[in-house]
Amino acid sequence: MIGVHEDDFTGKDEAMHSDDSGMRTTESTDQGKDDDLAEDSVGRDEGCGGQGRVSVPTKGLPHVAGWSMSIRWFGYVLLFLLFDFLCVLLLQQGVTQKSTRTDLSSPLDNAWTMICGIWRNGNLVLFLNMLLLGLIYLFVLMLTNRFWLSSGLLLVLCAIIAVAEHFKVGARYETILPSDLNFLKADAGSILSFIPSGSGGLIALAVLGMIFVVAILWIIARCDRRHGRVVLRMNALRGALVRLVCAVLSLLLVFGYTAQVSVVGSWANVLAHGMGDIPSMWDSVYDAQRNGPLVSFLGQVRPKIMDQPADYNEATMKTIARRYSAAAKSINARRDADMDDGSVLFILSESFSDPTRVPGLTVNADPMPQIRSIKDETTSGLMLSSGYGGGTANLEYMSLTGLSMANFDASLTSPYQQLVPGEKWTPTVNQLWGDKNNSIALHPYEPSMYSRAGNYKKFGFSHFYSLQPPEIIDHRAKLGSSPYVSDESAYASTYEQISKANGPKFFQLATMQNHMPYQNWYPDNDFKVGSSEHGAPLDSTESESIQTYASGVNHTDKATADFLRKLDELDKPVTVVFYGDHLPGIYKTASMDTGNSLALHETDYFIWSNKSSGHQSVKVPNSAYSSPNFFMAQVAEHMDARVSPYIAFLTQLHAKVSAMEPPVVNKIQGWDRIPAGQPIYLDAKGDPMNASDFDAKTKQLMHDYRLIQYDVTAGSGYLKSEGFMDVVR
């Protein structure tokens with residue numbers, strides 16, 4: 001492959017012959033040779049210095065004395081693959097850190113795990129990363145026609161990215177995301193402020209390493225008689241055309257892959273999944289460790305949001321704005337309050353649901369008697385969830401925006417990662433409270449999970465209290481041996497924020513206590529589960545998980561009741577929207593029966609107000625079934641509050657369709673696509689509805705919903721200038 005020998009040239013003209021490919025360099029500059037060859041020599045070649053032999057200097061840089069190399073074409077190919085592989089390993093190392101901050105994922109120790117996956121389970125995601133990076137490598141190589149220069153540039157670039165990934169993962173437990181490029185474009189001058197203190201040693205080591213690598217490549221390039229030229233043996237024009245075609249093709253393939261990989265069924269999507277790409281949208285670090293930083297990054301660059309409705313245009317959206325402005329005026333004529341007259345708290349209770357409703361399961365005691373009693377006295381019901389065992393952020397997104405996952409393209413599985421970071425207009429319910437200082441979020445876990453930290457800023461939250469700086473949540477106690485902050489602690493932190501608030505505010509709390517796994521965390525657990533008369537028997541692992549979960553639900557039940565009692569004593573109006581995001585993915589026996597799909601996707605919710613609000617014990621009709629996209633309309637009705645045209649629209653739609661979600665499956669939330677099929681629609685009794693049986697009014701509402709959602713998320717935002725989200729006075 002590579003011949004290294006002592007130079008032995010004389011004053012005669014010499015020529016180097018390559019292998020059977022016929023590529024060669026000579027000392028002449030005859031027509032028909034690549035113009036690059038003119039830079040080689042016009043006299044006698046001195047090899048790598050010539051050891052005192054007479055030579056004529058050329059335009060090329062001098063060789064290293066004493067040695068020269070003749071690299072054949074397949075030698076360059078093997079070196080290309082080697083450098084490509086090394087660059088992938090560099091990028092992988094940048095995101096490979098063990099973390100004590102999160103227990104949700106098991107970070108890879110090093111890239112060896114990815115390599116072992118090739119023969120352990122046939123996972124080829126390493127080769128997918130090499131393919132994509134190799135195309136970028138090829139593009140640079142064709143531009144420069146210098147192998148050693150291109151290799152050095154790529155290695156240095158990957159080293160810089162790896163160091164940046166290392167810093168970001170260490171500081172925020174988050175990888176470099178496409179949205180970070182927008183930040184660099186807007187505020188590149190402050191990038192140094194994100195380098196953590198005490199990192200000078202690592203930076204110096206990285207710089208020295210890059211200098212060493214560049215120096216080695218420089219020396220090798222001088223010893224390479226071809227100086228790394230990969231396109232020879234043809235005239236200048238033909239060589240330039242070959243390089244141009246290769247460069248353009250490689251760039252088109254990368255751009256085409258990036259544009260299509262998020263589209264279900266596209267060539268890029270099929271290729272990625274076939275080679276082992278398994279998106280893990282909830283955790284960008286785990287996603288990059290599992291699938292490679294490059295594959296993970298490109299998968300989020302250009303998601304397909306939804307198809308444009310055929311009649312979408314400015315005139316259509318103005319018509320919709322007028323239609324629901326009139327509806328809002330009609331509703332508001334009968335109401336005399338505003339939502340921002342008091343504080344509103346949305347509580348996403350992690351994995352909260354009633355285990356006694358799971359088909360085929362028996363529980364020896366009611367784990368949620370107090371919440372059951374609360375539900376009997378206020379607006380409440382069952383919430384249709386899009387997830388089973390996962391998908392938390394999607395339910396949170398729907399509750400805050402009023403938009404539905406059922407309207408999105410099947411490839412948009414996580415708006416928090418794929419959509420929100422790139423949005424220019426993101427209307428959310430908390431914005432009804434005006435100034436951003438009136439919106440406060442709390443989550444006793446990692447702020448980077450589901451990219452909440454960045455998304456909450458975009459939603460207009462001024463404060464976000466979590467387990468990490470800059471705003472650390474006050475109460476962080478845990479129950480038993482559980483790794484998660486208890487609901488009692490989460491409520492204590494929230495109560496302090498509400499009690500000291502100066503005026504009405506919007507609060508968002510996402511708890512963590514009942515998150516998976518369920519490994520016998522709690523001492524003195526008296527809950528026992530079994531199979532009903534016609535149910536299949538449970539194995540010991542399933543029983544232990546459900547019993548641990550039931551005990552956790554019971555702790556939530558007590559903590560929630562105590563929290564509401566304390567809120568009831570406050571001399572300020574407070575309304576609470578409480579909901580479980582999804583069932584835990586522990587019901588292995590029940591999930592085997594597809595007939596249980598609906599039951600395994602229904603959680604509990606209620607809307608409650610304290611005494612000072614004047615809306616205590618209100619029970620809004622048509623609340624037996626709902627989905628989180630309707631919560632803002634329901635809380636407005638519960639509070640007898642005036643609405644915006646948007647909330648008026650949601651109010652009308654909820655009167656026709658009580659709940660709606662994408663098709664559901666009895667397995668833990670996947671992130672490659674939304675399941676195929678018709679979305680699930682429930683009527684006021686909780687019975688499934690067929691879209692083809694909708695009356696004309698319902699069909700119009702559903703079509704308007706798609707138009708509204710498209711305008712907000714993927715369209716031109718015509719409704720923003722129409723004041724569609726503003727309360728009609």
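Including glycine, each Cβ sits where the backbone N, Cα and C put it.
Annotation source TrEMBL lists compositional bias 'Basic and acidic residues' at 1-22 (among others).
Here TrEMBL flags 30-47 (among others) as compositional bias 'Basic and acidic residues'.
What TrEMBL lists as domain 'Sulfatase N-terminal' is 344-640.
The annotation region 'Disordered' is assigned in TrEMBL to 1-54.
TrEMBL lists 73-91 (among others) with the feature transmembrane segment.
Annotation source TrEMBL lists transmembrane segment at 124-141 (among others). Residues 80-81, 83-85, 87-88, 91-92, 111, 114-115, 117-118, 147, 150-151, 153-154, 158, 230, 246-247, 250-251, 253-254, 257, 271-272, 274-277, 290-295, 298 of the same chain lie 6+ residues outside the transmembrane segment (124-141) yet bring a C-beta within less than 8 angstroms of a C-beta in it.
Long-range Cβ contacts of the transmembrane segment (147-164) within its own chain (Cβ-Cβ under 8 Å, at least 6 residues beyond either end) map to 76, 79-80, 83, 86-87, 90-91, 93-94, 133, 136-137, 140-141, 176, 202-203, 206, 209-210, 213-214, 217-218, 220-221, 224, 227-230, 293. According to TrEMBL, the transmembrane segment annotation covers 147-164 (among others).
As annotated by TrEMBL, transmembrane segment applies to 201-220 (among others).
Residues or ranges marked as transmembrane segment by TrEMBL: 240-259 (among others). Outside the transmembrane segment (240-259) by six or more residues, the chain places 132, 135-136, 138-139, 142-143, 145, 231, 234, 268, 271-272, 298, 301-302 with a CB less than 8 A from a CB of the stretch.
Mean pLDDT for the domain 'Sulfatase N-terminal' (344-640) in this predicted model: 95.
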